Amino acid sequence: MGASARLLRAVIMGAPGSGKGTVSSRITTHFELKHLSSGDLLRDNMLRGTEIGVLAKAFIDQGKLIPDDVMTRLALHELKNLTQYSWLLDGFPRTLPQAEALDRAYQIDTVINLNVPFEVIKQRLTARWIHPASGRVYNIEFNPPKTVGIDDLTGEPLIQREDDKPETVIKRLKAYEDQTKPVLEYYQKKGVLETFSGTETNKVWPYVYAFLQTKVPQTSQKASVTP
């Protein structure tokens, strides 16, 4: 089956540590579509001091979640610049009201959901330790320091970011699940949800790749490259 000539409107979902960033990056390398990350968009608007950026920063500074209407305005404003392209939304929608607002503006064709067991994600995230002065990152499983808890170059102690501590990771994963469950159910009912389950990104990726080959053209310079 050949890729459809119609522009693709896609969303990618996955918990923190699910490999969503890696998969999104591979998708944009192999396929002709624009990747729109709500996190990058947010940082860019805050940096440029746009109206939405200033508004979002005020909520973040108070330790509050950015309201649905602000996130929706941010995403829809940017999507207006991408009407001629296929696109992949990453980090939006995160809540049911956001999904419904997006639906009123665009017909979503497919939602790629990366389903990685929480225990695997917990191991991935809690294995990360950093050397604060240099920003060097170690992973206890894939890239361990020569001496446990010590930076290879300076001999200084490594620390674990608050976000990477087991209790924080569990809270983040639970919050993600609570927030996105209604969104996944919403897309499931619409018949556009495609869930890819696995514990390793490299093993999940070929299935995502094969699925998208039927949906969107490949980039010409990468068309002959094996994923």
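Keep in mind that glycine also has a Cβ here, set from the backbone N, Cα and C atoms.
Swiss-Prot names Gly17, Gly19, Lys20, Gly21, Thr22, Arg128, Tyr138, Asn139, Arg161, Thr201 for binding GTP. Of Arg6, Arg172, the residue it gives for the same site is Arg172. Comparing the recorded positions Arg43, Lys80 by how many other C-beta atoms lie within 10 angstroms of each C-beta, the top residue is Arg43. Taken together, the residues in the region 'LID' (127-164) have a mean pLDDT of 93 on the 0 to 100 scale.
Distance between Cα atoms for Ser37 (phosphoserine) and Gly91 (AMP binding site): 6 Å, as a whole number. Binding residues for GTP (Gly17, Gly19, Lys20, Gly21, Thr22, Arg128, Tyr138, Asn139, Arg161, Arg172, Thr201) extend across at most 23 Å, taking the greatest CA-CA distance. Here Tyr138 (GTP binding site) is positioned 23 angstrom away from Lys203 (N6-acetyllysine), judged by their C-alpha atoms. Cβ-based crowding with a 10 Å cutoff singles out Arg94 as the top-ranked of the recorded positions Lys34, Arg94.
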